[in-house]
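Taken from TrEMBL as is:
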BINDING   Arg42  L-glutamate binding site
BINDING   Ala76, Thr77, Trp102, Thr152, Asp177, Gln200, Asn242, Thr243  pyridoxal 5'-phosphate binding site
DOMAIN    5-354  domain 'Aminotransferase class V'
MOD_RES   Lys201  N6-(pyridoxal phosphate)lysine
Amino acid sequence: MTRHYNFCAGPAALPEAVLERAQDELLDYQGRGLSVMEMSHRSPEFVAIAERAEQDLRDLLSVPDDYRVLFLQGGATMQFAMVPYNLLGQGGTPNYLHTGIWAKKAIAEAEHLGGAHIAASSEANRLTAVPRPDDIDLSDDAAYLHYTANETIGGLAFDYVPKMASPQGGGLPIVCDMSSSILSGPIDVSDYGVIYAGAQKNIGPAGLTVVIVHEDLLGRGRSDMPGLFSYRALAEAGSMINTPPTYAWYLAGLVFQWLKEDVGGLAAMETINRRKADKLYAAIDGSDFYTNPIAPLNRSLMNIPFVLADDGLNQSFLDEAEAVGLLNLKGHRSVGGMRASLYNAVPEKAVDTLIDFMTDFERRRG
Ligand code: PMP
């Protein structure tokens, strides 16, 4: 068996130790004589798995007690709609920061539900830097401010949390799409009203979406929203209004245990992630052949797009990379070139091997 280095943007690499543990437990979960996949979600065994996963996630992110953690389906894309449904029951206009393709999709859903105000946009700098706090111009009736912590396609990341006072007084709920950066390092959950993330990057397999929501926001839903959309109803039902994605939830739990026990927590994870990303950016910046356009302050630790000086060499780069076990380096079709996603489960050795390959490719073909 050979496992290659996988730089996919998502579904992405999982820690090998997690896959091995899942393999060990696949047919017979801890002597129960059945697989986790085959268990009732209401069985004591699964409820224990679910509760342990939630507690481990709370420990990793130091989630305060007045936040609820939901384990849902529908992906981050479903949250693009669930956020406005859940937060606009008392009126007001949802405010958004536009920083790239994912922010734009979130904005489109809010517009579909009645309108959105773009409080700042990175379009003027061609999505190469995030808006600075002074650029953010909220509408007078702002109900919340939504932003995308890390634009997975552009490789553009916020270097700060855009906390804002509400124009009506008090704090403004900050809503963050953290799909491609959650668990890459410590955060202060109390900065946020809602955090959401599709699992298939740093959390686990596809099919699971994690939402962390402040209790004060649970009663603000629109009366016309579908029952399964309601954060309040989901929180009351322990994310089990209907059958949750049990196996993905279990695997996410194994990833949380790996982060706590093998890695040593999120500060340790961030140190490794920073080292991995710094090396790759240094290799790109040190070459005339590879380029990354993002402002240094906003360069993503997780997704690093780069282009080759000669587009005509893209396919050879990808073919040769694959031949030496470096998979999924093709950039998103809207950006072109390459993208290396360096999520938590991508080992440092993978980055070293990629850099060696890039140096060699440039020497031979550049
Ligand atoms: N937001 C971001 C930042 C993403 O990277 C993605 C997926 N790549 C999404 C939203 C959409 O996620 P999903 O496919 O889980 O709906």
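Residue positions begin at 1 at the first shown residue.
Yeah, the Cβs are placed from backbone N, Cα and C, and that goes for glycine too.
Quick caveat, the model's predicted, so the values are computed rather than measured.
Annotated features taken from TrEMBL, shown on the structure.
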{"residue": "Arg42", "record": "L-glutamate binding site", "DSSP class": "coil"}
{"residue": "Ala76", "record": "pyridoxal 5'-phosphate binding site", "DSSP class": "helix"}
{"residue": "Trp102", "record": "pyridoxal 5'-phosphate binding site", "DSSP class": "helix"}
{"residue": "Thr152", "record": "pyridoxal 5'-phosphate binding site", "DSSP class": "coil"}
{"residue": "Asp177", "record": "pyridoxal 5'-phosphate binding site", "DSSP class": "strand"}
{"residue": "Gln200", "record": "pyridoxal 5'-phosphate binding site", "DSSP class": "coil"}
{"residue": "Asn242", "record": "pyridoxal 5'-phosphate binding site", "DSSP class": "coil"}
Densest Cβ neighbourhood among Arg42, Lys201 (recorded positions), 10 Å radius: Lys201
Recorded positions close to ligand 1 - of Thr77, Thr152, Lys201, Asn242, only those whose C-beta is under 6 Å away: Thr77, Thr152
Integer Å distance between the CA atoms belonging to Lys201 (N6-(pyridoxal phosphate)lysine) and Trp102 (pyridoxal 5'-phosphate binding site): 15
When distances run from the Cα of Arg42 (L-glutamate binding site) to each of the binding-site residues Ala76, Thr77, Thr152, Gln200, Thr243, the nearest one: Thr243
Least buried by Cβ count (within 10 Å) of the binding-site residues Thr77, Gln200, Thr243: Thr243
Set of same-chain residues at least 6 away whose C-beta sits under 8 angstroms from Asp177 (pyridoxal 5'-phosphate binding site): Ala76, Gln79, Trp102, Ala103, Ala106, His146, Tyr147, Thr148, Ala149, Tyr196, Ala197
Number of Cβ atoms other than its own within 10 Å, given for Asn242 (pyridoxal 5'-phosphate binding site): 11
Between Lys201 (N6-(pyridoxal phosphate)lysine) and Asn242 (pyridoxal 5'-phosphate binding site): CA-CA distance (Å): 24
Binding-site residues (Ala76, Trp102, Thr152), the one with most neighbouring Cβ atoms at 10 Å: Thr152
Between Thr243 (pyridoxal 5'-phosphate binding site) and Lys201 (N6-(pyridoxal phosphate)lysine): CA-CA distance (Å): 23
Overall pLDDT of the domain 'Aminotransferase class V' (5-354), taken as the mean: 97
